[in-house]
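**Q** Here you go, one structure.
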Number of protein chains: 2
Amino acid sequence: MDSTELLNIFNCIGTYGETNNGMYRLAYSDADNDTHDYLFNLLVEKGYDVRTDAMGNIFAEIPSSEPNAKIVATGSHLDTVHCGGKYDGTVGVIAGLFALEKLKTCKLKHTVQLIIFRAEESSRFGFSCMASKALTGNADIKKWLENTDSNGMNFFDASGTSPRDIENAKLDNEHYKSFIEVHIEQGNILESYGLHVGIVSAIAAPTRFCITVKGHADHSGATPMDLRSDALCAAARIINDINHEAYIRKDEGTVGTVGKLDVYPNSMNVVPGEVEFTVDIRGIDKDSVDAVIKHMYYSIEEATQIHHVKFNVVELCNDLPVNLDRSVFQTLVNAAEDEKIPYHEMNSGAGHDAMYMSKIIPTSMIFIPSKGGISHHPEEYSEFDDVILAGQILANAMEKMAN
Amino acid sequence: MDSTELLNIFNCIGTYGETNNGMYRLAYSDADNDTHDYLFNLLVEKGYDVRTDAMGNIFAEIPSSEPNAKIVATGSHLDTVHCGGKYDGTVGVIAGLFALEKLKTCKLKHTVQLIIFRAEESSRFGFSCMASKALTGNADIKKWLENTDSNGMNFFDASGTSPRDIENAKLDNEHYKSFIEVHIEQGNILESYGLHVGIVSAIAAPTRFCITVKGHADHSGATPMDLRSDALCAAARIINDINHEAYIRKDEGTVGTVGKLDVYPNSMNVVPGEVEFTVDIRGIDKDSVDAVIKHMYYSIEEATQIHHVKFNVVELCNDLPVNLDRSVFQTLVNAAEDEKIPYHEMNSGAGHDAMYMSKIIPTSMIFIPSKGGISHHPEEYSEFDDVILAGQILANAMEKMAN
């Protein structure tokens with residue numbers, strides 16, 4: 001398959017769920033189901049052994065005839081967020097297809113497989129990586145039954161599956177040798193280095209908090225500075241402190257963000273009486289993440305004293321960073337060197353299906369640059385040439401592992 | 001009139017526009033008009049010379065028979081904000097009525113007058129102190145014609161007046177000797193001193209800004225700390241700096257507040273790309289206010305460099321502080337001492353009708369404590385005994401000035 005045909009397939013996928021304001025291909029929406037049908041038929045036409053499981057995940061294989069052949073797999077997803085882009089997920093499916101097409105004519109000891117996962121984005125049901133969670137035995141069936149989309153439909157209604165199906169969806173890790181996911185970076189590191197490929201050694205895990213600051217809503221003109229309990233000033237101190245503490249740990253790969261903040265009553269002439277904000281701290285070095293969290297609590301204590309406010313801190317999650325498989329990582333490095341493609345060894349700040357796959361199968365990832373670091377947005381963009389570069393490294397590495 | 005009758009009148013006023021969620025007596029609403037009718041009839045019954053002008057302001061007098069008698073006036077307003085309290089404004093009308101009732105039997109050289117102003121709160125048309133602006137020639141007729149309430153009705157439609165009426169409403173300052181307004185403090189200074197009365201020597205003026213910070217909305221996990229343009233971190237720096245700079249100038253009576261702040265896109269896993277916030281700096285010492293403003297601009301310059309963001313600063317207003325009349329102030333001090341009522345000499349952080357009256361008539365104010373500093377809120381509360389204390393000082397001072 002030449003790159004023009006591949007680009008045509010990529011462009012065709014981009015028509016499903018396309019609007020004037022970005023992509024709307026939520027998990028199990030008509031647009032998402034149609035895209036899966038299109039890919040299923042295409043893969044059958046191309047001569048692969050293709051099956052779907054109860055969730056609708058697609059598995060397309062070049063089977064090996066060898067006894068005890070294990071599976072060398074790649075894969076990504078096709079669903080998008082609300083108002084999303086055309087690259088997140090799709091790029092990994094296209095690179096996987098590129099690799100399988102290249103390996104079609106090779107005689108391999110192992111089976112090679114492309115997995116197209118369902119429901120990676122959390123936009124519909126509030127859970128991310130639902131397929132890779134199910135395939136690796138990490139589904140939280142109880143919560144999946146409870147949570148619904150904005151129309152009151154839960155995952156099971158929308159996908160036509162049952163809790164039993166999900167329990168049965170788990171892959172046998174004994175059958176798999178490796179998994180590699182190609183994905184857009186969703187950040188601006190590769191762009192800042194002027195490189196076209198990243199090879200990923202670890203995936204950062206988020207620790208998240210929702211923090212409420214309770215002060216006192218007073219008249220902005222009539223309340224002297226020393227008689228105030230200004231919730232926004234207290235929050236501003238925490239925001240600056242988290243930012244500073246994460247900044248000095250930037251070489252450890254740690255980041256800290258206050259992305260959402262709401263002020264009450266939010267009026268020009270009233271001292272803010274209450275502020276609610278979220279904190280998202282991520283890293284691949286747990287000690288470094290913990291140091292920022294410790295500093296956040298210290299900063300909260302200080303702000304309590306200085307601004308005469310009260311804090312309520314709710315921890316939303318506290319996940320462990322994932323170190324990807326060193327051997328798969330090294331195979332990717334060797335493949336990039338074979339292909340004479342300069343690469344950057346890096347971490348993933350965002351979560352991916354590879355994070356769950358790595359729990360049962362030796363796993364690594366390849367990143368390509370996101371223009372301007374933009375993702376989950378209609379302006380999300382990556383060079384198609386970079387998808388091909390990633391596909392070349394992927395094919396080379398899969399061939400090495402399948403021999 | 002004994003204080004029980006006065007309390008009954010106060011309570012009766014509190015029934016107009018009362019809801020389960022505070023007072024709704026917006027300027028020229030039915031509730032507001034009914035309250036004015038009730039007061040007009042009450043003042044006629046009590047034997048005062050009562051008239052209204054084209055705006056519906058009430059003027060109730062004990063006329064002097066002396067030739068060239070000037071007017072010694074007091075007054076306040078009856079309209080409320082949305083979801084307001086029962087004390088703001090009304091307390092000044094009740095204290096004024098208390099004073100006039102006391103002076104009824106005295107033989108005075110000068111006329112004493114109670115003015116009940118319309119439309120002091122800005123909640124309906126976006127302009128505060130509309131009556132006192134009109135009575136002192138400070139109405140901005142063009143803007144009053146343009147701006148409308150939430151139903152598309154402008155001030156003239158709602159009040160049944162014309163621009164010509166407003167031009168003719170101006171008082172002749174030659175006819176007035178003094179004006180004193182009793183009001184709730186709307187802050188917590190008196191409460192913090194444990195005092196029941198404040199005598200006001202100056203009214204702070206606000207300088208206000210609307211500031212937009214433009215950064216870059218990036219993935220919170222995938223964007224390293226040194227490749228961010230975080231608009232909220234930049235805003236947090238300004239918030240803390242304004243707070244700190246106003247705090248160190250607290251003895252100069254200066255205050256600085258960021259009361260309203262909105263984050264875009266306001267999502268837990270996105271670095272804030274844009275933040276819009278307001279700044280409200282007030283004081284009675286223009287140099288002190290200017291020093292805080294200068295520091296704000298310095299802080300903006302610093303944040304621009306550190307956080308790689310752009311600022312857009314719009315100045316909304318830049319008013320001059322108002323020094324109230326020293327002679328009227330001293331008369332109030334003497335009156336408080338006569339009445340053996342301890343008082344606190346203070347400034348007003350909030351604007352009042354007295355601010356505009358002072359432009360053409362020697363003016364001062366008396367404050368009573370606001371419980372917990374709360375105002376413009378259903379929980380707004382002042383002790384009725386304090387209204388009587390203010391009324392005693394007011395009556396004593398008006399008698400002094402009317403002789």
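Just so it is clear, glycine is given a Cβ too, placed from its N, Cα and C backbone atoms.
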**Q** Have a look through A:Asp88, A:Asp149, A:Asp157, A:Asp338 and flag the one TrEMBL assigns to the Zn(2+) 2 site that A:Glu121, A:His376 belong to.
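**A** For Zn(2+) 2, TrEMBL names A:Glu121, A:His376; of A:Asp88, A:Asp149, A:Asp157, A:Asp338, the listed one is A:Asp88.
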**Q** Can you find which of A:His77, A:His82, A:His175 TrEMBL lists as binding Zn(2+) 1 at the same site as A:Asp88, A:His183?
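**A** So the Zn(2+) 1 site in TrEMBL includes A:Asp88, A:His183 plus, from the candidates A:His77, A:His82, A:His175, A:His77.
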**Q** Same chain, not part of A:Asp88, A:Glu121, A:His376: whose C-beta falls within 8 angstroms of the C-beta centre of the Zn(2+) 2 site? Give them in sequence order.
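**A** Leaving out the recorded residues gives A:Thr80, A:Val81, A:Gly84, A:Gly85, A:Gly89, A:Glu120, A:Ser123, A:Ser375, A:Glu380.
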**Q** How big is the gap, in Å, between the Cα of A:Arg282 (allantoate binding site) and that of A:His376 (Zn(2+) 2 binding site), rounded to a whole number?
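**A** Their Cα atoms are separated by 19 Å.
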**Q** Between A:His183, A:Arg282, A:His376, which of the binding-site residues has its C-beta surrounded by the fewest other C-beta atoms within 10 Å?
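**A** A:His376, out of the binding-site residues A:His183, A:Arg282, A:His376, has the fewest neighbouring Cβ atoms within 10 Å.
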**Q** Taking Cα atoms as reference points, rank the binding-site residues A:Glu121, A:Arg208, A:Asn269 by distance from A:His183 (Zn(2+) 1 binding site) and give the first.
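**A** So, spelling it out, the nearest of the binding-site residues is A:Glu121.
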**Q** Near chain B by Cβ (under 8 Å): which of the binding-site residues A:His77, A:Asp88, A:Glu121?
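**A** From A:His77, A:Asp88, A:Glu121, none lies near chain B.
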**Q** Counting by DSSP, what is the helix, strand and coil composition of the domain 'Peptidase M20 dimerisation' (A:211-296)?
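**A** For the domain 'Peptidase M20 dimerisation' (A:211-296), the helix, strand and coil counts are 35 helix, 23 strand, 28 coil.
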**Q** Closest to A:His376 (Zn(2+) 2 binding site): which of the binding-site residues A:His77, A:Asp88, A:Arg208, A:Asn269, going by Cα position?
**A** A:Asp88
**Q** Going by Cα-Cα distance, pick out whichever of the binding-site residues A:His77, A:Asp88, A:Glu121 is nearest to A:Asn269 (allantoate binding site).
**A** A:Glu121
**Q** Do any residues at least six apart in sequence from A:Asp88 (Zn(2+) 1 binding site), in the same chain, have a Cβ closer than 8 Å to its Cβ, and if so which, in order?
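**A** Same-chain residues close to A:Asp88 (Zn(2+) 1 binding site) (Cβ under 8 Å, separated by 6 or more) are A:Thr80, A:Val81, A:His183, A:Ile184, A:Gln186, A:Ser375, A:His376, A:Glu380.
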